[in-house]
Amino acid sequence: GSLLIAKAMRALVLLLVWTLLRPAGTQQCHLASPSGVLRFTDTHAEIRVPALHRVPSSLDLLYGLVRRCLDLIQQNPLPTELLRAALNDPGSVRTSQVVQYELGYVICAAVALLFTVAMPVAGMCFCYCRSRRRCGGRLRAHRRSLGCRRHCLLASLSLNSLIILTSVICALVTSQRVKGQMEPGLGAVPATLRTLRQHIANVPQVGPLSWQGVQMVVDQFEVPRQQIVSDLGGLSRSVGLSIHSQLKAMTYAALADLQDRAEDLQTSLHHLQILDQTVRALASARAELEPVLRERRRQVVTLLDDPRCTSCASVLGRAQSLELGADYGKVPSVEKVLKELAGLPRSDFAEMIRQGNGTFNSIPELAVERMAQVIQDLREEMARVTEKVQSIADSFPLHDYTQPVSEALGKAEDRSQPYLREVERFERYRWIAGTVLCSIILLILACNVTGMALGAYGLSKREDPSDYECRGEAGAKFLLVGVGLAFLFSWLLVLLVFATFLVGGNIQTLVCRNWVNQEIYKFIDTPGNLPPSMNLTHQLNLRRGSNLSTTYRECKTGAGLWEVLQLDRSYDLDEHLKTPKYTADFQKRLGDFTAHLGDVRLLRSEGRQDLETFARSSMHEVDYRRYQEEMKIPVVQTSLPGLARNLEGLQKMQRNSTVAGRLAAEAQALWQMQNSTVQSQEALVAKLGESVQFLSHLAPHLQERVKTTLATVASVEARLPVQAQQILRQEIGCFTRKELRYFTQYLNWVGQTLREDVASCQPLATALDNGRVILCDRIAEPWNAFWFSLGCCTFFLIPNIILAVRLTKHFRPIRNRLISTGSEETCPFHIPRVTALKL
């Protein structure tokens, strides 16, 4: 059984040692925190061109209707030949070419001219008829269908007025929308050109008072630099704590094992000394007890043999067996072992363990001290990296290439100002004229509504169709006032409608429609279409073989200016943004750093000698079973308390007082011997048993445990520097990868910012798209909806005039009343008169 226990303990110890001493290279990074995401300040946003988009509107159905009408009016594609001739040689343009292209507008102009002439002429004819009491006069006779005709005229004029009202409301809304979009739209033209010029001018460098462009991007290196410097401040202590945390289990286990062996040494010496002293004391006490016990046995036996002792024969045999039991003079001596361990321990194991523990726990502070110089070198290296990053801005070659673009944008901004002011003035006059004419149309509608209300009310109050009724007459006059206003201002409405139609329609069909399908870009890209003074490829300094359409598509996808301007060969941005270019020295300094951080002495030579002496001692050769077998034998073979109680029982049975007295005296003597001598020897035997038990359990495994402890401590002392160096390299590798991610984040952000914001030509494409949105979606659409709505009002004034003139006759009294033989239904407004009978 003990052999099996020893093998099991040996396997357990070997497993523990392998677990504690296995390599630590597979550990994960133990730095304080993982690399985070850097946040860079986007101060370039203030010169970014915001993208505009078409906003859905409740008038989209009206806008779509107007576009379809314009597509019907102007079905011709972009007149490339006509535009080429107009731009290169304006004198060669023939009127027939313009009329052929603008045929739909010419037809509309003819209709507008006819309307402009016809309406005043018709108005004058109407005035002449009114002077002859013809148009708008009275009905000559009352007919059966008069009521039905009147109701039809009322319903038709009401429906026509409702259509005009809807149209005039749309005209007012779209007019106000044009006014609201025109001012910011016109202001966006120079603002966009100015923003583009500022964007391009600020790409290569910054002036003393600005904070944009490439220099802004370079200055943002302060973000990763501060983060890296901050991480460097905690690197050394983090490395020390990582080494301590990964090696503490192994080290603490070795120190605990060493402390156990030191305690085994101390405790073994203590128990060996107790064993030796106790055996000597027991042998001496036995020698003293032997004659006393022999004499006591003789006296008791003599007393029990006395014939006068009644019933004493039963106890006689027990008294005769009264003799000593265990003889500790026969057990093996431990004096040899004590001589071998004499003077141990020579070293202070407690102090030795405390010092080893303190040295190991001071590894974090030692790491801070050993890495101070390399940390300082890395901080200085970060200052040199800052200078390298500055070379990105210093070597950026775009200034010479962007200067022509900036000058072209400046000229466009200056030349656009007079035209924009004229457009703003024309828009102001248009809005005033449109508002006034819409107000007149609303006044005409008010006359219609008032006239119809008064006329209908007058008809309901009239007793006879031929009677004069002032309210009906007033209604008729209101309708005629509306007719007069329509004749008077309709030609002005037509002129305003045609003027706005001619401008807005051509903008939609000639510019917007061809802008959306990019026909304009194709026209500009075709060689010879533009005069040399308008060569955009040359003015914008585009790369050879490129055109505006290609440039627009590239810019829209976020291409950089150096790609559009073909600067890839003179400045390779990707080459300038390679991480090793800025981190090679930083990595090398970290990679070359070494430090001895695991030199910890757990066991000094004198302590090792003490343990080796302890293991070589003959303590395991002592036969502790002899001790255990001897301790099983009592100090006295016969129980003294039992014999004393037997004598006390016999004493009560005696008739002879002398014998009874002697029995009582013998019993008392036995009790005294038990309480004084025997019990003290039994206490020594119990004390001896504790020491024998401890030594018997320790001795068989002592040599193996000591050898394992010494091997573990030696192995830990040898592996601590190696594994500490491995952990140091691992932690420095983790730190290097973490800091390189900061460099990579910054350089990726630099590339993205330079391409998409600072040195991106996407604002150029965005500006073109914004121009289309402003001109076509926000100005041209409500502009065209305005003339379309106002044209509807003008067109429906014609049926309004006819219906109003015809309705006035029904609101006036009938001139010649015809008496009908039918029922009163033929004259629903007639009340029969009372006549006198002839006598």
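One is the number of the first residue shown, and numbering goes on along the chain from there.
Every residue gets a Cβ built from N, Cα and C, even glycine.
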Among ranges 368-395, 452-479, 732-759, whichever one TrEMBL labels coiled coil: 368-395
Folded-back contacts onto the transmembrane segment (785-807), same chain, C-beta under 8 angstroms, at least six residues removed: 59, 62-63, 65-66, 69, 115, 126, 135-136, 150, 153-154, 156-157, 160-161, 163-164, 167-168, 170-171, 174-175, 178, 434, 437-438, 441, 444, 448, 451-452, 455, 476, 479-480, 482-483, 486-487, 490, 493-494, 496-497, 500-501, 504
Within the predicted model, mean pLDDT of the coiled coil (368-395): 87
Cβ-Cβ under 8 Å with the transmembrane segment (478-503): same-chain residues at least 6 beyond its ends: 105, 108-109, 112, 115-116, 119-120, 122-123, 126, 130, 136, 430, 433-434, 437, 440-441, 443-445, 447-448, 450-452, 454-455, 783-784, 786-787, 790-791, 793-794, 797, 800-801, 804-805, 807-808, 811
